Amino acid sequence: MAAQVQPMIVPTDAELLQAQADLWHHSLGYLTSLALKCAVELGIPTTIHRCGGAITLPNLATELSLPPSKLPFLGRLMRLLATSGAFSADNSTETVIYLPQPIVLLVVDGNAHQKAIVLATNSRHYIEAALSLSDWFRKDMPVRSKSPFEQLHGAALFEESMARLDPESHEIFNEALAAHDNLGISVVLQQCPDLFKGLESLTDCCGGDGTTAKAIVKAFPHVKCTVLDLPRVINATSADSPSVNYISGDMFKFIPPAQAILLKLVLHFWSDEDCVKILTQCRKAIPPRAAGGKVIIIDILIGSSSRTMLETELLVDMLMLAVTNGKQRDENEWRTIFAKAGFSDYRIVKKLGPRGIFEVYP
């Protein structure tokens, strides 16, 4: 017997008007991120910070050396950014005063250097890759194929091919990667100290310049830390910490043995198959669980109860789809790759924002 077709519910005029407003919001949402990029490029966050953390619109235009004719347009830019939560607007006086919110303090020069993330994710290369998604979906290609980014640009993120294509963008992308990786380790050390207590040695895979390893050694001086990364990364690193050992190599082939292996925001750049290969090398590098062997993974964990945070996690997943061969994972997906790599157990230590912190045991 054929399934009965449910009658279509006809929206009311009021519902259609609301739907149209929602459609506008979804269709034009990219302008919010481009407005933030504009503010970063103009130096608005740093200027307001330098002026004591609060400024009027005319003073902001003067400090930025903008033509007087641009003042009304600057007001429209700041109005959107204040409505979106990047700034707050104090309307209690005759002239509106703008104050930065924490999101903007991240992109102030000399702070956490997160502005490279804004510039990278709103770059021509990233946006064009996202624009090409529908064409990419229509092509019948093997599962392990080039990302939309690589398919379109003929270059892969963070690789020499990108450096040849656009050296300036390549540098910004690498700055964004470092900013993405390094923010938050202090919070992890404060809120999850048991992760590192009792450890004698740790290898930080894809540890870059050693920022994370140095933070761990500072908090836990008894831990002998090794940073593993590709030769081009290690060769460009100033190994200025005698307490951290730097080794160049390929984590797909060999990981320096240690009691614990750290993978911080690494695996989401790779496919499930590649993650299993990486984790298999990790398992070979650590002792049995009884001897303290474990892999510490800090990565996106999809599944926030907050709708805003969940949407953020899924947006980062769409970014991975557009520009890499990686993905973000929920707990079931993480559990599957742990088992395929031969691990017997895991536990989620904590969730900090979109990041989950795992201990994975052999």
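For all residues, glycine too, the Cβ spot is worked out from N, Cα and C.
Keep in mind that TrEMBL annotations are predicted by a computer and have not been checked by a curator.
Remember, it's a predicted structure, so these values are computed and weren't measured experimentally.
Per TrEMBL, the features are:
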type	residues	note
ACT_SITE	H268	active site, proton acceptor
DOMAIN	24-94	domain 'O-methyltransferase dimerisation'
DOMAIN	133-344	domain 'O-methyltransferase C-terminal'
Request  = Kindly report the helix/strand/coil residue split of the domain 'O-methyltransferase dimerisation' (24-94) according to DSSP, in that order.
outcome  = 48 helix, 6 strand, 17 coil
Inquiry  = Across the domain 'O-methyltransferase C-terminal' (133-344), what does the mean pLDDT come to, as a whole number?
reply    = 91
